[in-house]
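Asks: Not my notes, these are from Swiss-Prot:
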MOD_RES   K109  N6-(pyridoxal phosphate)lysine
BINDING   L291, D292, V293, G294, G295, G296, L297, G298, V299, D300, Y301  substrate binding site
Amino acid sequence: MSAADPSQGNKSWTVADSAALYGLDRWGEPYFTANANGHVQVKPRGDQGSCLDLVELVEELKSRNLNLPLLIRFDDILEDRLEKLHSAFEQAISKYGYAGRYQGVFPVKCNQQRHVVEQLVESGRHWHFGLEAGSKAELLIALSLVNDPEALLICNGYKDQRYIETAILARRLGRQPVVVIEQPDEVERIIRSSQELGAAPFIGVRAKLTTRSTGHWSSSVGEKAKFGLSFPDLLSTVEALRQADLLSDLRLLHFHIGSQINDIAVLKDAIQEAGQIYVELTKLGAPMGYLDVGGGLGVDYDGSRSASAASTNYSLQNYANDVVATVRECCKPHGITLPILVSESGRAIASHFSILVFDVLGTGTVPGAVPNQTGEEPLTIHNLRETLAGVMATQKGAASEISRLQEAWNDAVKFKDDALAAFRLGYISLTERALAEQLTWACAEAIMGQLPCHETIPDDLQGLRAVLAGTYYANLSIFRSAPDTWAIEQLFPLMPIHRLKEEPTQLGHFADLTCDSDGKLDRFIGNGQTKTLLELHNLRQNEAYMIGMFLAGAYQEVMGNLHNLFGSTNAVHIRMTTGGGYQIDHVVRGNTNSEVLEAMEHNPEILLERLRLASELAIQRGELKINDVRRLMDHLETSLRQTTYLQG
């Protein structure tokens, strides 16, 4: 289905038109723009540094045998996000005269990749930036990487005795772990461990807030929240710590109201409630000192700056201002020392730095040209030809013709159904059945071509856009590289990274490589609303058509799975150099077929040996020649060494 004239795009189409169409000038700020060549360009330091042509970068990486799909991580963007976060809080602290400071942590669960976590720890060292762990494995990562005695190690999640003892003993290594009590039964384990080891960790408590949240993560708050202490539990925890002479170690209050807070009003209410809890804990005798506002600092995926699920109605500076101002308002009247502010803003830090680039393998469209009549045809075929002729005879773009076009489409659907019924009963041939289908789609295309552009169109005719849309077959696995698009209908910006000087004349959606009907991308960012089709270009012979998925640096890699045994993609870490160049800091090769087979307990050597023996038997039976066997085994051995994606 054409978005414009399918044979000829708009001659006056500009790069700016493409940027507006895909929302690049909204969600891409300040890291992604389009250049005069019609390519997406990356500004890893935002408006402060030089640019990289993304298409040229991809081609150079491909020449290094780093084939698509390819995950490109810009470490400069990661650093810039960290700087912007701290700068926003520094400005807010200065603006409101807050007698305290901000000290953030990165939740390791957001992106556990070694190079990512190492980069954040090193870049955040002068802010004493720390890490948050939610499991024993993540705690091990945090303890091994953070050697700054002033940086926080927030210990969240379920905790057994060994987890707690590890955190306590880590204080003697010069680390500063804070064991956050999230379940009532953890109090006794902390007390017992402290008594046995003769030492205690810094202790925190997570409160279940009653503030109503919104969006997918609204269940993170309230009485039925998975983690946190109710108000009675908070009081009993304080009393238990007092009895064990550990109340002096209660230093932190933590809450979490969701991974993506869309509405700033929700945040204000939550901080106000948490601020009062903090005040009351100090009145009960806890020294406190830290208020951890958790995650939730959102990402404006669709660029609409709204409270929709894919956006936020606030800026980073708005967020910092409200955190600082609200906590100050809660504590000041009570003469309480203002706490050090902590956030776990993983999504806001990591989302922007990663771009997934994949190629399109081909397209599936509705049947094309209709064969001319060569002889007598069944009545259903005759009726469809007459319907098509009638549509072609209508006045193009005339509002008065809408009802006639709607009637024609209803007729076409009826005649197609008649043809299907006739085929089932054996009255028409497969060739005639196929012709009926071709004629139906020809009617649909003709009707869409005749519709006026600026009139209200009936719903059934509007639906022809989806009926005629093409399927673009993507060289990736949604379940591996973008699982949230399937699991929670997360929206990520998607667009071609080249050909932006050309008007996209097709509408389509993407289907991935998996043998699963859910393996598709069919929800896209529109102008303030979600759309089911994306404007795309016709494919060209012997020319790659490359698509970029943006803002997907948080959660996607670790949550991806091996559906159909499609593994991780190739990944590179890019850093800008002086003079506008770049260097590749790290190359992380994607899973090979051999590796994913081994992950499922298959031994590649045994598999090859079985096939070799089967080939030898086939030679003996005269079913295969030696040259054929050599080619077969060569293909198999090469495939085991290659990544799991298609390579032409």
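Keep in mind that glycine also has a Cβ here, set from the backbone N, Cα and C atoms.
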Asks: Return the residues near G295 (substrate binding site) by Cβ distance under 8 Å, restricted to its own chain and a separation of at least 6 in sequence.
Replies: P107, H256, G258, S259, S343, E344, S345, G346, R347
Asks: Please identify, from the binding-site residues L291, V293, L297, V299, the residue with the sparsest Cβ neighbourhood, meaning fewest other Cβ atoms within 10 angstroms.
Replies: V299
Asks: Hey, how far is the residue listed as 'N6-(pyridoxal phosphate)lysine' from L297 (substrate binding site), Cα to Cα, in Å?
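Replies: Roughly 15 Å, rounded to the nearest whole number.
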Asks: Please state whether DSSP places L291 (substrate binding site) in a helix, a strand or coil.
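Replies: Where L291 (substrate binding site) sits, the three-state DSSP reduction gives strand.
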Asks: Among all the protein chains here, how many other CB atoms are within 10 A of the CB of Y301 (substrate binding site)?
Replies: 23
